[in-house]
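As annotated by TrEMBL, domain '4Fe-4S ferredoxin-type' applies to C:27-55, C:121-150. The [4Fe-4S] cluster 1 binding site annotation in TrEMBL covers C:Cys36, C:Cys39, C:Cys42, C:Cys176. Among the features that TrEMBL reports, [4Fe-4S] cluster 2 binding site is placed at C:Cys46, C:Cys157, C:Cys160, C:Cys172. According to TrEMBL, the [4Fe-4S] cluster 3 binding site annotation covers C:Cys97, C:Cys100, C:Cys105, C:Cys140. According to TrEMBL, the feature [4Fe-4S] cluster 4 binding site maps to C:Cys109, C:Cys130, C:Cys133, C:Cys136.
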Amino acid sequence: MTNHWVDIKNADLVVIMGGNAAEAHPCGFKWVVEAKKGRKARLIVVDPRFTRSASVSDFYAPIRPGSDIAFLGGVINYLLTNDKIHHDYVKNYTNATFLIDEGFKFDDGFFSGYNAEKRSYDKATWQYQKDKDGYAMVDETLQSPHCVFQLMKKHYSRYSPELVSKVTGTPKEDFLKICGMIAETSVPGKTMTILYALGWTEHTVGSQNIRTMAMIQLLLGNMGRAGGGVNALRGHSNVQGITDMCLYSEVLPGYLSAPTDGDKTFDEYLAKRTPKALRPNQMNFPQNFPKWITSLCKAWYGSAATKENGFCYDWLPKKDAAYDAMAIFERMHQGKMQGFVCQGFNPLASMANKRKIGDALAKLKYLVIIDPLSTETSEFWKNYGEFNQTDPAQIQTEVFRLPCTLVAEDSGSYTNSGRVAQWHWKAADGPGDSKGDAEIMAALFLRLKEMYAKDGGKFPDAILNLAWPHRIPAKPAPEELLMEISGKALADVYDPKDKTKVIAKAGEQLAGFAQLRDDGSTSCGNWIYGGCWSQAGNLTARRDAADPSGLGQTLNWGFAWPANRRILYNRAGADPSGKPWDAKRAGIRWTGTAWAGNDVPDMRPDAAPEEKVMPFIMTPEGVARLFAPLMAEGPFPEHYEPYETPLDNNPFHPKNPKATSNPTARVFKGDMDSFGTAKDFPYVATTYRLVEHFHFWTKHAHINAVLQPEHFVEIGEELAKEKGIQAGDKVKVRSNRGYIKAVAVVTKRIRTLDVDGKKVHTVGLPLNSGFTGVTKPGFITNTLTPFVGDPNCQTPEYKAFLVNIEKV
Amino acid sequence: MQVTRRQFFKICSAGLGGSSIAMLGYSPTAALAEVREFKLARATETRNMCPYCSVSCGVLAYSIGDKSKNAKAKIIHIEGDPDNPVNRGTLCPKGAGLLDMINSPNRLKFPEVREAGSNEWKRISWDEAITRITKHMKADRDANFVEKNAEGTTVNRWNTFGFLASSASSNEPGYLTVKTLRALGVVALDTQARI
Amino acid sequence: MALQSLDIKQRSATTTPAPSVRKTVEVAKLIDVSTCIGCKACQAACMEWNDIRDEVGRNYGVYDNPMDLTDKSWTVMRYAEVEEKGRLEWLIRKDGCMHCLEPGCLKACPAPGAIVQYANGIVDFHEEHCIGCGYCITGCPFNIPRISKEDGKAYKCSLCSDRVAVGQAPACAKACPTGAIQFGTKEDMQDYAAKRIGDLKERGFDKAGLYDPAGVGGTHVMYVLHHADRPQLYSGLPADPGISPLVSLWKGFAKPLASLALGAVALGSLFHYVMKGPNEVSKETEKEVEKEGSQ
């Protein structure tokens, strides 16, 4: 979330699309209700299903799964055509004025530079025009045909309400009503917030779904403002924290891009990741990359990391290919993996195409499960009849299962979706011989270290020298770890403006990332958490809920990264002169000498407005991007059909079959054959969670099993009638990858839509079922889903694919 | 009001059972009316977090015992933390049922192994589990570790071993996990956050 | 009479007057249906707090689960898909004891002290005194109490009298994520309801209103409804609930008449009670009375 949970109450309009906050995040959704109660906010829900969120909305509109960009592109077109944008904001705080290379083109579904063989783009023409100093050129009049504003206007002029309705199935008048409601928030005195979740991410165009809304929020001037923002409602309780710690292949803690084979030396690596400002006077905050990575290396390799050896840069593993979950399972399926650990992760149930996952796991030599519960993955080898047909004797994988504790049985910090890290205290021991995650990782690592010390082996250096400053080595304490994450001075740290002034003495905890250095004098495990445990102590454990501004910022409750900032880009909440756009919901303001107010300024504190330091400090241009060349499939989001579509073509490009679906999506060779067509599988399916259950966990909890005891699928009344299915009947749902059986719920809440002249029925597939648990044993819904993903973040397309359904 | 004759008789005779029992002094006990005792009176309260979604609601975990040496703490009730600015004491059906997750009959209590080709779990000690797993890991790593790529660049990676990390563990074990895995050279690393 | 932690207003089948000098606040739970998302947190919190666990059932083709109130499910959500002015509305109502000012259950109950009404408005069942006759069910205009198959006693929502007695809100109200369930003094709840109704009217629900039915003297569980003119839309919430004529009759004149004239029957009943326990006969009687009552 760019903003945070409580801030939702400050909105005038709440849009829930690509998510279902009432069911997935009920306690966060309360702030939507508070906005309605407290400031008469309106709630719009756009979803294939009339959800529980829709049940308390002011306006609901249905949409076909996988057509969100068509809808949102239509909104952009409406805003531009009707001139309902926040002009000062767009002109000053976005790249609307920037000039793009004259070679940039969009032609019948493809941007310039496509390489069909590589299924990717050469982005040479997607760049800014630059002047002799290397700065991007702009046209303040917004009239040049090559400026982002005009290119955007042209791109979305095709998204007429008629075509939007034809593609999305949303009735035109519903679409226009929503456009009108959204447009009202383009005035400076009104804000809109958008709450989305996996309903946007889990598509082959997932990242672009979100970008389209980000563009809308920029056009409306809603970023960086109370009651505004683009708010991803994330999954697990600490998914934000674990993402920040970067337990994934592309990055190191704090989102530091991980080294690849191309980054031969430390200097080369730094040079590629330390950008130069693209406009004069900009903060260009990523220029501090060397300080962050050096401090990380010091935290990991301690005194072994020296300036001379590039702070042990060579010890960091370099990536030669993609190693995201989809790629890992593809490699495993090809027999390229020996061992695998699932720590609190149940991929047999949660990855797409269960059969492929089960086959892949069976090719491993050893599998280790670290979990509090008996997961399906831990028993992938076991024959559960129709739910999991296997022959255990044929599966040679050795499987270990290690019991770990649950949160109430451990101390530590969790970071919520609003980036607020909060400390929790252990209440009791876990059952039996269960151990905490840190103790288990320590046990595995320390044993390996012992073996390498004794017997030697391949490259033992990083293992033997890994800093391990724990008083009880086998039990690294959460307090010690958080202090390491936060950062400390290894030598005296001096004020850069006054080289005689010590700002942190050797051995002291640092106050924040501004004190990090690239000379090895500081250590910090994760720069964005810098200062969360300062000399003042553990700031994540703060429990002062005082809220003097009334905006819900609670600056002394826990610690929000970065720098305890509650609303990101809050400089954009004030006009160029430093005056808040809306005095009643003021974030920060220019006092004449400094930035101050109800939040920690997202700006150099003494940057006077005349200096024109722009609010989006993490981009080298200082402004937000309406045009974003980093995206794999194009700098402007374009509608592409899901990989399994009920339509014959992409109605935006009916004559170009190559532009039907995202031309850059992640598809592995063998998986192309696993896709089905509308001829055999005529209905659109979408998967989702139920409010009564949390993923595959709560089916193990009695209370939740009572509330929703058995797997079901939802269909509309029209499809039910056509198929002779009544509520309560057992039905079989098939995709080209397998089948599941479940009870049918027949409902008015799923409508049959008119799409491109066809009737499109949607089949709703809750996914909380499985064959272990205290609920009725059931099928795994991901038996049905396709193994194809978004090209930017490799998230599989769980939300739109094709099935058939019949009564059993 | 429509009451048939038969109903009238029924009302009289059936209802009389209890009433006449009392009248005749057969009331089971003196009819005191005490509400159920408040069960948390001296239970220990610990501030914690809900492990489910990313609202990360504050919870109060109540356990029996006062943390004295001989009293084994057992969580008997969980409710929302009213101080937490986000959930303000509320919980959803998942959080409100958290006690049953902690007490789930499917909680794992001991390390186990399922041997190759076997159809059952076998309980093992932690020491045996760690010994066997690390033996596999070292053999795998020593056989498949890549120190330099074809071009001769130092890459120090081990890509025949993969790790999917939890999104429900705290920041601290998460950090320790990435730190130890990267030291081993692991690149095939991902988290629940992706999907 | 001093052993209770809440002052008593009246007790079933007891003629001793309750002390009435002390005045305590009257409490109420307000269920704002217009902000209820039907998440069932109230059901979960109720089970968890009250140490009851219903059976794991099955799905019957709807979201409701458990399908009805039971001795172990003291509250359930009821879901209704309704089309109004051409647009779908999903009306979700939390069902459970209404804690009537004039409780039909208490009036019907023949077991002394099995049903108690506290001065704060809570109507509580004391199962240790319950004889399992089931008259409370007959007496209830909302069809709430349920007899347990395990111990033959009647159970229902206690409004968490144990929590309220120590100054806490009921478990469901505390848990409710959207604040659709509010708890406080009855007066505060009425004031809050008025605000909510104002908001709903401004959003086009011109028939929004408070459900606090006069037929039972008002209730200590009230609803804010978007369509207060048609409570039946909400899974059959009665439009004008009142105490069953059978119970009124019983309380009015049948009870003394029966006491005097049907002594022999009483003795017979007593023998039956001593020898067999009350359950089976009462159950049958209750069913018959119910059947005839509905004719």
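Including glycine, each Cβ sits where the backbone N, Cα and C put it.
Any TrEMBL annotation is an automated prediction that lacks curation.
Sequence features, as recorded in TrEMBL, placed on the structure.
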residue	record	Cβ contacts under 8 Å, 6 or more apart
C:Cys36	[4Fe-4S] cluster 1 binding site	C:Met77, C:Ile92, C:Arg93, C:Lys94, C:Thr178, C:Ala180, C:Ile181
C:Cys46	[4Fe-4S] cluster 2 binding site	C:Ile52, C:Ser73, C:Trp74, C:Thr75, C:Cys157, C:Ala171, C:Cys172
C:Cys97	[4Fe-4S] cluster 3 binding site	C:Trp74, C:Val123, C:Phe142, C:Ile144, C:Pro145, C:Lys156, C:Cys157, C:Leu159, C:Val221
C:Cys100	[4Fe-4S] cluster 3 binding site	C:Val123, C:Pro141, C:Val216, C:Gly217, C:Gly218, C:Thr219, C:His220
C:Cys105	[4Fe-4S] cluster 3 binding site	C:Ile115, C:Val123, C:Phe125, C:Tyr135, C:Cys136, C:Ile137, C:Gly139, C:Cys140, C:Ile144, C:Pro145, C:Lys156
C:Cys130	[4Fe-4S] cluster 4 binding site	C:Ala111, C:Ala114, C:Lys153, C:Ala154
C:Cys160	[4Fe-4S] cluster 2 binding site	C:Trp49, C:Asn50, C:Gln168, C:Ala169, C:Pro170, C:Ala171, C:Cys172
C:Cys176	[4Fe-4S] cluster 1 binding site	C:Ala41, C:Cys42
Distant-in-sequence neighbours of the domain '4Fe-4S ferredoxin-type' (C:121-150), which means Cβ under 8 A and at least six residues beyond its ends: 6, 26-28, 69-72, 95-101, 103-115, 156-159, 161, 164, 186, 215-216, 220, 238, 241-244, 246-247, 273, 277-279, 282-283, 285-286, 289-290, 293
Alpha-carbon distance [C:Cys39 ([4Fe-4S] cluster 1 binding site); C:Cys133 ([4Fe-4S] cluster 4 binding site)] in Å: 34
DSSP-derived helix, strand and coil totals, residue by residue, for the domain '4Fe-4S ferredoxin-type' (C:27-55): 13 helix, 6 strand, 10 coil
C:Cys157 ([4Fe-4S] cluster 2 binding site), number of other Cβ atoms within 10 Å: 27
Taken over the domain '4Fe-4S ferredoxin-type' (C:27-55), the model's mean pLDDT: 98
Among C:Cys39, C:Cys105, C:Cys133, C:Cys160, C:Cys172, C:Cys176 (the binding-site residues), residues with Cβ under 8 Å to chain B, listed in sequence order: C:Cys39, C:Cys133, C:Cys176
Subset of C:Cys39, C:Cys97, C:Cys136, C:Cys172 (binding-site residues) with C-beta under 8 Å from chain A: C:Cys39
C:Cys109 ([4Fe-4S] cluster 4 binding site) and C:Cys39 ([4Fe-4S] cluster 1 binding site), Cα-Cα, nearest whole angstrom: 34
Helix, strand and coil residues within the domain '4Fe-4S ferredoxin-type' (C:121-150) as assigned by DSSP: 8 helix, 5 strand, 17 coil
DSSP three-state assignment (helix, strand or coil) for C:Cys100 ([4Fe-4S] cluster 3 binding site): strand
Output field, [4Fe-4S] cluster 3 shell: CB within 8 Å of site CB centroid, site C:Cys97, C:Cys100, C:Cys105, C:Cys140 dropped: C:Met98, C:His99, C:Pro103, C:Gly104, C:Leu106, C:Val123, C:Cys136, C:Gly139, C:Pro141, C:Phe142, C:Ile144, C:Pro145, C:Lys156, C:Val216
Listed binding-site residues (C:Cys42, C:Cys109, C:Cys140, C:Cys172), ranked by Cβ neighbours within 10 Å, top entry: C:Cys109
C:Cys105 ([4Fe-4S] cluster 3 binding site): secondary structure state under DSSP, collapsed to three categories: helix
8 Å Cβ shell about C:Cys46, C:Cys157, C:Cys160, C:Cys172 centroid, [4Fe-4S] cluster 2 site members excluded: C:Cys42, C:Ala45, C:Trp49, C:Asn50, C:Trp74, C:Thr75, C:Gly96, C:Ser158, C:Leu159, C:Pro170, C:Ala171, C:Ala173
